[in-house]
């Protein structure tokens, strides 16, 4: 891979980061100017359903999805898409079992429930465990876009992580939850644009979508029917549905990041609607990213870049595809 970083690349990168920062500045000096705890942490419970639904998806999937899920379907096929059934099963449980509890409590923290039910020590232990988990998780979330940025532009991962981390901290700190939600919507648009740029470019080069699917079938990448009970099998219906439900419930049912977003709308009914709207958006991103992996596989079917030493990890497949096939304008979609 021979990444390049010209003046226009630099300008686009600055614009994308500046938009996120400006969203934070805008919400710092408009409305209530983040002077109350309710506005800062719950957006004054004034948010509408759609941006919250998109933000729920963005915080659940993020850049990890673009790189990881596309790499998954490239290497192992389509079986992973069965996890979307777990999302369908889990959505009503989160919406009608967990969410009403937090609305009745009128609290900003899910850990307040633990304190009321089990005492302060339980709340403290859960809070510490969650903080450690999120520190580790944020390392992964920051690493993924840095990996893509390095592949496309040549900017070092360390520099990319530092810049992305500072910008995210900036707009979140000064703009509160309102800035976080709107920035998530903006970044979601960029994610979808990147995915569909891959699919469209690959389809043009392949002569349509059908050849992509045909090659995937010929190379045993299309399968949906692994019902094995063997826990050592990579993906089965059992592991994806049970594991997907546990993951979904831990995030949409009791995770502070997601519950706080759901508490930012006017009432319980709107929050439940946001969860239901999140479902098709989440599944659309999931299926689209899986297919983008098949599209990339079609292009590299006879010359695996990892085996050739062009990349160090299959997580770099999508940015490499952008470098190899797209003009500079489309390639800049991956500087997100």
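FYI, residue positions are counted from 1 along the chain as it appears here.
Cβ atoms here come from the backbone N, Cα and C positions, even for glycine.
Taken from TrEMBL, the feature transmembrane segment covers 12-29 (among others).
Residues 80, 140-141, 144-145, 147-148, 180-182, 184-185, 187-188, 191, 194-195, 198, 251-252, 257-258, 261-262, 264-265, 271, 273-275, 277-278, 281-282, 285-286, 289-290, 292-293, 296, 315-319, 336 of the same chain lie 6 or more positions beyond the ends of the transmembrane segment (50-70) yet place their CB under 8 Å from a CB of it. Residues or ranges marked as transmembrane segment by TrEMBL: 50-70 (among others).
Sequence-remote contacts of a segment are chain residues at least 6 beyond its ends whose Cβ falls under 8 Å from one of its Cβ atoms, and for the transmembrane segment (76-103) they are 69, 110, 113, 216, 220-224, 226, 234-237, 240-245, 247-249, 252-254, 259, 262-263, 267-268, 271-272, 275-276, 278-279, 282-283, 286-287, 290, 294. Per TrEMBL, the feature transmembrane segment maps to 76-103 (among others).
Listed as Cβ neighbours of the transmembrane segment (124-146) (distance under 8 Å, sequence separation of 6 or more from its ends, same chain) are residues 62-64, 66-68, 111, 114, 157-158, 160-161, 164-165, 256-257, 315, 336. The feature transmembrane segment is assigned by TrEMBL to 124-146 (among others).
TrEMBL lists 158-177 (among others) with the feature transmembrane segment. Outside the transmembrane segment (158-177) by six or more residues, the chain places 17, 20-21, 23-28, 34, 39-43, 142-143, 145-146, 149-150, 183, 260-261, 264 with a CB less than 8 A from a CB of the stretch.
Taken from TrEMBL, the feature transmembrane segment covers 189-216 (among others).
Within the chain carrying the transmembrane segment (236-254), a Cβ under 8 angstroms from the stretch's Cβ atoms is held by residues 56, 60, 79-80, 82-87, 89-91, 93-94, 97-99, 110, 226-230, 275, 278, all 6 or more beyond its ends. The transmembrane segment annotation in TrEMBL covers 236-254 (among others).
The transmembrane segment annotation in TrEMBL covers 275-300 (among others).
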